[in-house]
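Undergrad: Residues or ranges marked as Mn(2+) binding site by TrEMBL: B:E35, B:E65, B:H68, B:E136, B:H169. Sequence annotations record features per position, and here TrEMBL assigns Ca(2+) binding site to B:D60.
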Amino acid sequence: MSKEHLAIANIPMQDYGEIYDDKKALCTGTIFEALDMPFFATDIEKGNKKSALFGTEKKLPEQEEREQLMTQITEVSFVIDDLTLYLDTHGDEAQALSLFEQKLTERETLKKQFAEKFYPLTRECIPYCGKKEDGRFCWQTGPMPWEGACV
Amino acid sequence: MWQYEKRLQFPVKITKTCPKTAQMIISQYGGPDGELSASMRYLAQRYTMPVKAVGGLLTDIGTEELAHMEIICAMVYQLTKDLTIEEAKTAGFDAYYIDHTTALWPQAAASVPFTALEFQSKGDAIADLTEDLAAEQKARTVYDNLLRMITDPEVREPLKFLRTREIVHFQRFGEALEKTKDQLDSKNFYYFNPEFDKDKFHGKL
C-alpha cells in the first residue's frame with residue numbers, strides 16, 4: 001500500500017491521529033487535525049472568529065434555545081459526515097467506528113428533542129412533532145434552511 | 001434514494017446585501033469547478049466502479065456535494081434577497097438580474113451556464129479517480145481566490161469550511177485510488193481497464 005509506483009498518483013493512507021472536538025471540527029471543516037491546512041489569507045482573522053459566526057444581537061429565549069440545539073445537531077452531524085468518508089476507506093478502524101456509533105446515537109436524541117420543541121428536520125421526526133396545529137401535517141413548519149433563521 | 005433534512009451542513013447567516021459577492025460565489029454553484037458539477041461527476045462515475053467501496057465513497061461524497069451546493073445557493077440567496085434595483089445596476093449584477101431577477105440559476109462567475117461538459121465520466125477507474133483528485137484541487141483554488149477577494153466574515157466562514165472539505169475529499173479519493181491499485185498488477189496498472197475488461201479484472205483469464 002505504501003509503496004510508490006511510477007506513472008500513477010500515489011497518496012499515503014491517512015492514520016486516525018488527533019481528533020478535534022465537535023465545535024472545532026465544524027468550524028475547521030474536518031475532525032482530523034492532520035487535514036487542517038488553512039490558507040494564508042485567513043491567518044489575519046484569528047481571535048474574532050466566534051463573534052463573526054454567531055450574531056451578538058439580543059434574541060428571544062425560544063430563538064436562543066432553538067439555535068443552541070440546532071448548533072449541536074449541526075456539529076454532531078458533521079462529525080458523522082466526516083467519519084463516514086474516513087470509514088469508507090478505513091473500514092476496520094475500531095476507534096473511528098466506535099465514535100461513529102456514539103455520534104449516531106447522540107444525533108438521534110437531539111433530532112427527536114428538536115422535533116418535540118420546534119419542528120421536524122426529517123420525515124422520521126414527524127411523529128415526535130410537539131407543535132401539531134390541530135392535527136395538521138407539520139413537515140412544512142419552521143423556516144427553510146436557506147433563510148438563515150437559525151444561528 | 002435520497003432524503004431531505006431541513007438544515008444546512010454548515011450554517012449561513014449573511015446580513016449584508018452584496019450582489020458583487022453573489023456574482024463571484026455563484027461560480028461554485030454552476031461554474032466549471034462548482035459543487036453541482038462535483039456532485040454530478042461523482043454520482044455519474046459510481047455505477048461502473050470496479051471496486052465496490054470506491055462506488056460507495058463516490059456516493060457519499062456526491063451526496064455531500066449536494067449539501068455544499070445548497071450552502072452556496074443559500075449564500076447567493078441571502079446576499080441578494082433584499083436587492084434594490086440601484087444596487088443591481090451599480091454592482092455589475094444587472095445582466096444576471098435581467099434574466100433571473102434574484103432567483104438562483106447555475107452559472108459561472110463569468111456568466112457561462114452550467115453544462116455537463118464541465119466533468120467527465122470516462123469508464124476507467126484510474127482515469128476517473130485522477131480527474132476527481134484534480135477536481136478537488138481546482139475547487140480548492142476557487143475557494144482560495146474567493147477568500148483573497150471577500151472580506152465579510154459572515155461570507156468567509158462557510159467558504160473556509162468548504163475549502164477544507166476539498167482537501168479532505170482529495171485525501172479520500174487518493175485512498176480510493178490506492179484501493180483500486182491494490183487489486184491491479186503493480187508492474188503495469190494499465191494492462192487492461194478494470195471497469196470494462198471484467199474477466200481479466202476478476203482473474204478469470
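Using the three backbone atoms N, Cα and C, a Cβ is placed for every residue, glycine included.
Please situate the listed features within the shown structure.
TA: DSSP classifies B:E65 (Mn(2+) binding site) as helix under the three-state reduction.
Around B:D60 (Ca(2+) binding site), no same-chain residue at least 6 positions away in sequence has a Cβ under 8 Å from its Cβ.
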Undergrad: Just jot down the residues in the same chain as B:H169 (Mn(2+) binding site), at least 6 apart in sequence, with C-beta under 8 A of its C-beta; none if empty.
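TA: When sequence neighbours closer than 6 are ignored, B:H169 (Mn(2+) binding site) has B:I61, B:E64, B:D132, B:E136 within Cβ distance under 8 Å.
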Undergrad: With a radius of 8 angstroms around the mean position of the C-beta atoms of B:E35, B:E65, B:H68, B:E136, B:H169, what other residues of the same chain does the Mn(2+) site pick up?
TA: B:A38, B:S39, B:I61, B:E64, B:A139, B:L162, B:R165, B:E166
Undergrad: With a CB cutoff of 8 A to chain A, go through the binding-site residues B:D60, B:E65, B:H68 and name the hits, or write none.
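TA: Out of B:D60, B:E65, B:H68, B:D60 lie under 8 Å of chain A.
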